[in-house]
Amino acid sequence: MKIEELIAIRRDLHRIPELGFQEFKTQQYLLNVLEQYPQDRIEIEKWRTGLFVKVNGTAPEKMLAYRADIDALSIEEQTGLPFASEHHGNMHACGHDLHMTIALGIIDHFVHHPVKHDLLFLFQPAEEGPGGAEPMLESDVLKKWQPDFITALHIAPELPVGTIATKSGLLFANTSELVIDLEGKGGHAAYPHLAEDMVVAASTLVTQLQTIISRNTDPLDSAVITVGTITGGSAQNIIAETAHLEGTIRTLSEESMKQVKERIEDVVKGIEIGFRCKGKVTYPSVYHQVYNTSGLTEEFMSFVAEHQLATVIEAKEAMTGEDFGYMLKKYPGFMFWLGADSEHGLHHAKLNPDENAIETAVHVMTGYFSVYAN
């Protein structure tokens, strides 16, 4: 498949962004592309709104897997591109449209240039939430198609096209969604002494949560608590009875995650006492760290560099969350960053990756699989 064809596919996918486990149009689009290939070369299995696609090897003794996430974000696109989102309020602001396109490019290559071993492609829904990797790993499909190895990539807007970045060991952080609900006694704004103000309680809570990082976390460790949204109150002259906070926790170790959560519970108990209210803490979605398999990762980096498939950079750990970590917990493999050179970063309404990154990724992965799947 030529790069022009892949870019056209990417733009089609960019127009139809869908949220986690709602990727019905996306799934059908992928099927329309894949069903053009000879069915003796590929096998397709639907899984919820995702897909498993096996490219049959000539004399398979093992199976190498590649994962591409397919969901979008609840963001109103502001790129002004002629192929901008047609689903208002949703946007491919994390590059998953490129991820899918790259996977299709790799599949196309190996349908026409078979290798010895089987290749399995996982088009995974709901990476952004509520988390598609764990349930996908439990599917019946993976009971008959068991990978020996798995890999994935993620675009990096801050890196130039033609580069990849990765490292052995920890690449992405442990992440957890955080939801806190406060409930007190509302009242008239003229009589604050007769009420318990949950907006003030929530404001105090936000500042106290940050002391967990500055005063309870080892300075040589890394942890981040972000409160992204606060809602509370119904009118300007009514003291709020409830407040709702949502955010994330990110750490570089599971022990730090445990400690941070314990301290959050303590801080919320203090708010309950101080503001005579009730607090409830929940963690709706938790993502395991992405930990690249030693040996395989270095081998991949050396291969790409030696064959000049891309410029290879030694990555640093990132506080990014990725449910691909669950797949690496079950199978050996690695993940890497793909340079995509965009002025605006991931999850930004103006993210506009350089589409030439698609060709780089297809070149890297077809070169790698051509050797390691033979």
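The backbone N, Cα and C atoms fix where each Cβ goes, and this holds for glycine too.
If you check Swiss-Prot, you get these features:
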- Asp69: active site (ACT_SITE)
- Glu128: active site, proton acceptor (ACT_SITE)
Distance check, please: Cα of Glu128 (active site, proton acceptor) against Cα of Asp69 (active site), rounded to an integer number of angstrom.
9
What is the Cβ neighbour count of the residue listed as 'active site, proton acceptor' at a 10 Å cut-off, with all protein chains included?
21
Taking DSSP three-state, what's Glu128 (active site, proton acceptor) in: helix, strand or coil?
coil
Enter the number of other CB atoms within 10 angstroms of the CB of the residue listed as 'active site'.
28
